[in-house]
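Notes follow once the structure below has been shown.
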């Protein structure tokens, strides 16, 4: 097949759901979408959970959706990547972890593990801590100390006790590990250069300074009695019977920071890894020759080893089109412009050769329910001029409305948003067809399909419903088990282009 131009049209936040109540997609008058759906081959795609590299059951979002679509493969997010490595056993063979453990065995020193002790799944997951304890046991590391950062933000504000009880039970079961300090994340995980907070955590871990308690649960009990919840627990030291700290970080020790999200892990990591650190005076007991491990790549400014190194996304659709000398256009309004450029290109800022970009300003309104059409008409007018000029072989287009207005949790404006997009969709697709081209009409995740719950409450979050895909080419059959990663291979199939090995998605065309 060799169709040109091929337009990949992403209706942001537009998924399919049988229940019409609270469903702006179902209730909207959308003659163009319905016409294409009835006339052309169509299917539903999974756009959530493990199909897009997230934990099972987790709703997709625009960043993840565009990453997967543009990459033509499942792009595993950090949480899922680590979970999978534990499940498949690679975690326990990770060279960086083993280096840290060998370091302390050779030096006769201690392994310190710190991070956010919860299952919030935003910055960390307690299961990753458990896996590290299991690994320490396997590797026969004798002295393992945990410095627990307490959450209270991505989980309940007073939930720390349940996590600490579970952790104590896990350490007892394995016969490995001891809690040495506890810190509210407000201190240990600051990201705004409030170094006085980070210093309190540092001094607890290195100097054994701070409120002292004989057990972790005493820290929690005392904090709650003083109306201090998990996030704000003052960095506290757990002591032995003789009043000495259970452990402090010393020369030749190793540290593993098990948070996977970088932003709140950078500052604490800089304290221990950077020779020219200027945030505060680390004092003469600054530990030397510490083997420091970051779970993921935190920042160029952190001089530690990385256990799960970044995966470079080579041969995304944009790069493949450039290599095969196809001209491409990326077009969206402000709200979704980064998605059709940076995220679609696998985290690359600069355009590929032969790639043109058009940014249309989003309207300046407080909230988009006040202007549900947003800038869809302006995007469409600009695109129709481009199609008429025959400049591009491939067009990547995003209509932001169903998602951005859907976030309002207001049904009527979201219906209007879907109707405006449908009007624009008709103009664009008909112009593409008139040029002898083909359109792939799809979405990145759900939202407008459930704006109000069955109980009548506003629903502002994304949904896990499947998204549509229509290929405007009669006589084709589409697979029913597709995912977002299959869209780029489908575009290449329509163009008659070659699919690279890195793209593990499969064309939807049977």
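Cβ coordinates are placed from backbone N, Cα and C, and glycine is handled just like the others.
Predicted, not measured: the structure shown is a model, and the values here were computed from it.
Here's what Swiss-Prot has on this protein:
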type     : residues                                         : note
MOD_RES  : 36                                               : phosphotyrosine
ACT_SITE : 62                                               : active site, phosphoserine intermediate
BINDING  : 123, 153, 154, 185, 191, 261, 262, 263, 264, 336 : substrate binding site
BINDING  : 403, 407, 462                                    : Mn(2+) 1 binding site
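Feature annotations (Swiss-Prot) mapped to structure.
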| residue | record | Cβ neighbours (10 Å) |
| --- | --- | --- |
| 36 | phosphotyrosine | 23 |
| 62 | active site, phosphoserine intermediate | 24 |
| 123 | substrate binding site | 23 |
| 154 | substrate binding site | 16 |
| 191 | substrate binding site | 13 |
| 262 | substrate binding site | 18 |
| 264 | substrate binding site | 20 |
| 403 | Mn(2+) 1 binding site | 30 |
| 407 | Mn(2+) 1 binding site | 21 |
| 462 | Mn(2+) 1 binding site | 25 |
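Residue 36 (phosphotyrosine) and residue 262 (substrate binding site) are 43 Å apart (CA-CA, integer value). Looking only at the recorded positions 36, 62, 123, 154, 264, the one with its C-alpha closest to residue 407 (Mn(2+) 1 binding site) is 62.
Here the candidates are the recorded positions 62, 154, 191, and by Cα distance the one nearest residue 403 (Mn(2+) 1 binding site) turns out to be 62. For the pair residue 154 (substrate binding site) and residue 62 (active site, phosphoserine intermediate), the Cα-Cα distance reads 21 Å.
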